[in-house]
C-alpha cells in the first residue's frame, strides 16, 4: 500500500471554497476528518469538541499546522515522542514516500512524513513565525491577539487581502473572485465535479479516497455509529454527534436578537438570516434567492426533476431526504405524538410542534395584520395572501387562480386524474396523503374534529375553526357595505355579490358561476356523476350536501325549529317557508272551526278534513287521500317495499318498523 503524507489527510478549504460546498459535501468532509483523526493512534485529539465549520468562518490558521500542533502535545499533556510508523496502516504506512526519507525534528526527535509537513511541524514546535501582520485588530477567537503571525509568506499575503479586500483571481465560468490562486483552483475543481476517485454505483467523483469511502455508505446502508442511549445507528460520525444533542438537550448557539438557542452552528446561521433577510444563494436558472445552500439545492431540483432519495418499500422517489424520512413513517402505523386539543396524531415531534402552533398562534413569525404567529417565514407568506387576496398560481386549463402551490398541484390532478393516492371507492386521485385522508371521510362519514362547546363534529379541522367563530361571534373580515364574514374565502365570495363577477364558465353550456365549486357541482348535471350514496336506501347524489339532507329522512333529524309554534323541520327551505306563514296575514278562515290560512288552497285542503272527501286515490292499493302531497308520500311506501323490501323507520320503544316517517310519527303517539 502506498504511503500517504499527513498533509494528504488534513485538507484545507478557504472561506470562499467552504461557502461553495453544499450541505452534503460539508457534512461528508466533517465525517471524513473526524473519522480519520479518530483512527490516528498517536494523535489524541479532542476532535469531538471541535466545530469544523467554525474553522471556515475564520480560516486564518492553517489546518495542517493545527493538527501538527496537537500532534506535538498529547491529550494528557506529555510529549508525544511517537513516530509515523505507529500510525495505523490504514492511514499512514511504515514506508516513506518514494525519494523522501523520514525527516527528524531537531526539537524533540519525532519523525514526520514529508518535507513540507516537517517545515510546518518545526515552525509550530519552535513558535517561529517570521511573517507578522501589525494592523490586524481583535480576532473573533476565544483569545484576543494583535499582530497576527504566519509561518509562510503566501499565507501572510493571503491574510493581508482579508483587510484590503483584494481578490485578483477570477473564475471564468461564474465570475467569482478569489484572494489566492489555490482557492481559485479548488473552486474550479468543485464546479467541474471531477476527481480521481469515482463511485462505481452512481459515478460521482471525489478528490480523496476517504470521501469516496464515506459516500459509499449511502449505497450500502452501513451504519457503524450507534447511540448508546436509544440504539439508533448512523452512517456518519457527525450525524451521530448531532443526534447525541437530542438526548443532552445541549444548545450552545444562541441568537442575540431573540435569544433562541440552537444545537448546531449551521442552524444558528440559517436562523440569523431570518432577522437580516440575507439570501446569498441564488438559483442559476430563475435567480430566486435563498438564505441557505441546502434550500437552493432543493429548489434547483424543481428545474432538473432530480429525485435522488428512493423509498425501499414502495419505490417512490423524493428530492429531499427529509421528505423520504417522513414518507417512510407512512408505512409504519405508529404515531406517538398526539394533540390533546383535537386528537390528531403525528409520526414526528417536529410535525407535532408545528401543528400546536396552529392552536396557540405563538409562532416566532407574526402577521402584521392579525397578529397570528407561524413557525417559519414561508407559512407566514402563505398566510399573508389570505389578507392581500394574492393568487399567484393560475391554472391554464380552467383559469382558476390559487394562493398556494400545494392547492394548485391538487387542483391540477382534477384535470389530469393522476396522483399517487387513489380512492378505492370513487377512483379520485390526490397528491398529498393528508388531502386523500380528508377525502376518504366523505365516504366513511368519519368526523374526528369536535367542538368543545356544543359537541358538533366535523370532517375537516378548518370547518371546526369556522364553526367555533359562531360561538365567539368573531368576524374579522368586513365588507364596505357593512357585512362581516368569518374567513377570507367567504369574504371574497361575498364581494362577487356586489360586483356580479362570474369568472367560472361551463364549456358545455356556457353558464357562468361566481365560485369554482358551483361550476364543479354544475358539471355533474352534464356527466350524470353521482359519487355520494346513501347507505340506508342506496340512493345516489351528485353533491355531498344533498346526501346529508337526504339522510335526515332516515334519521328523523329536524334541526330547524320554529320559535313561534315549536314545529320542527328537516330542511332549511321548509323552515323558511313555514316562517313566512307567521309573518303573513291569514285572511282565509274556515267557517266550521275558525282556523285561518294564508292561501285559499290551504283552506280548501283543510275543509276536506270536515267533509271526509278524499279525491286522490292510490292506483296500487286503492287508498284515498285528501291532498296530492299525502298521496305522493304514500306512494313512496310502495316504492320502498317493492325495491328494498325493508321498513327503515324503527320505533325505539317497541322495535316496530315502518315504511314511512309519517307512519312512525303516528305510531309514536300511541305510546
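Cβ atoms are placed via backbone N, Cα and C, with glycine included.
Taken from Swiss-Prot, the feature domain 'KRAB' applies to 4-86.
The zinc finger annotation in Swiss-Prot covers 134-159 (among others) and is backed by sequence analysis.
Look at Swiss-Prot and you will find 169-191 (among others) tagged as zinc finger.
Residues or ranges marked as zinc finger in Swiss-Prot (evidence: sequence analysis): 197-219 (among others).
Summarising the annotation, Swiss-Prot assigns zinc finger to 253-275 (among others).
Through the fold, the zinc finger (309-331) approaches residues 298, 301-302, 347-348, 351, 420, 433 of its own chain, all at least 6 residues removed from its boundaries and within a Cβ separation under 8 Å. The zinc finger annotation in Swiss-Prot covers 309-331 (among others) and rests on sequence analysis.
Listed as Cβ neighbours of the zinc finger (337-359) (distance under 8 Å, sequence separation of 6 or more from its ends, same chain) are residues 326, 329-330, 373-375, 448-449, 461, 464. If you look up Swiss-Prot, you'll see 337-359 (among others) marked as zinc finger.
Residue counts of the zinc finger (393-415) by helix, strand and coil are 11 helix, 4 strand, 8 coil (DSSP-based). The zinc finger annotation in Swiss-Prot covers 393-415 (among others) and is backed by sequence analysis.
Sequence annotations record features per position, and here Swiss-Prot assigns zinc finger to 449-471 (among others) based on sequence analysis. Mean pLDDT for the zinc finger (449-471) in the predicted structure: 82.
If you look up Swiss-Prot, you'll see 477-498 (among others) marked as zinc finger, on the strength of sequence analysis.
What Swiss-Prot lists as zinc finger is 532-554 (among others).
As annotated by Swiss-Prot, zinc finger applies to 560-582 (among others). Across the zinc finger (560-582), DSSP helix (H, G, I), strand (E, B) and coil residues number 11 helix, 4 strand, 8 coil.
What Swiss-Prot records for 588-610 (among others) is zinc finger.
If you look at the zinc finger (560-582), the same-chain residues 6 or more away from its ends with a CB under 8 A from one of its CBs are 549, 552-553, 598. According to DSSP, the secondary structure content of the zinc finger (588-610) in residues is 11 helix, 4 strand, 8 coil.
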